[in-house]
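Shown next, in structure tokens, is the structure this report addresses.
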């Protein structure tokens, strides 16, 4: 991560940290870096979610892009994966999404996609950051016919919706409850599932600029759970603010998280011989029950650091086509180059339809182990070196010996805060509490700030 770019673009409180001035510079410098080798006039797609700050940042960003001669196609409100899809299929130079994903309305973010539809590589982000920190803006300043042009492109939404529908199957006879988080999915999910002939019930579909992710969406699925039970829906589907992740709800109202969704889709693909290298890519945070279910099914796994960008990097480098995170980011590389909540939802419904099984039946093959996570405040200088402290290393080894393979411990530093995260999974809540609390006590004693 750089000074401005985190693991998912540039984020901050809108108009305070992520200002119009910064958005203009990101448009100008980002557009230049991503299009400097183009032989024809570069084309860049720009979309946003439903936050009140979106139009302000969109206007500033577009002004920056136009100032370096770029032809901008304004998509309006669209899911993040829709930008990625359109960049690839319409052969654009780049795409930009204005969103802070599952964060509250006061935040916003800007993330770039290259002409291949993937998020930027570290070296591209560093090149943009170098221009942001340069003492003087020395980029070209074209005038007259050298300036960029702006094209409103509402048909981009229709093209993305049609693409989604082509990946699915007829859902006649199925009732689907949707929670579009008052976000980007609110302009598309209803139409897509109606086109697939599902009966639908929808909440979180009335964005007002301030209510994105507010008590709704993938991080707050409680209302969706109630809607599923009230309507007798076959499944519920909750997206986040920019619709790049999905959390599902089965017909009994129980949550089906990203681990279980990946397993269900992965098993289906594996049985059809369509799971590349018979492998699913996941992160260190995936539940032990997920790993055991994969082992039982004979499916391999590749494990990365936390963050969908690391999952995608591993998928690209090794030729895998399915990966994701417990949080609901699922990447199905056969269809798109980034996490796509609506695409994942369609594939999940397709598995249900083609197998004739309920979501609870499909999800029951993964027994989720109780999990507990404790954050301990430590000095930044120590969080990366915690495992070098003998007492900490010894207590972790002791707890792992006691687990005898029927549990899991993960101790890792936070990527953004002076915290050490202690996580454990075990068959019972009591065992999880014991393992986490025992390790956490030693960490606090040895290197904790509050000790």
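Backbone N, Cα and C define each Cβ position, glycine as well.
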Item to check | Additional site residue, 93, 101, 381 [criterion: listed by Swiss-Prot with 240, 242, 244 for Mg(2+)] | outcome: 101
Item to check | residue 101 (active site, phosphoserine intermediate), number of other Cβ atoms within 10 Å | outcome: 30
Checklist outcome for this item: Filtered by Cβ under 8 Å and at least 6 apart in sequence, the residues in the chain of residue 244 (Mg(2+) binding site) near it are 79, 80, 81, 101, 308, 329, 338, 339, 340, 341
Checklist entry - Relative to the mean position of the Cβ atoms of 101, 240, 242, 244, the recorded Mg(2+) site, which additional same-chain residues have Cβ within 8 Å? => result 49, 79, 80, 99, 102, 183, 184, 239, 241, 243, 245, 339, 341
Checklist entry - Going by DSSP, is residue 242 (Mg(2+) binding site) part of a helix, a strand, or coil? => result coil
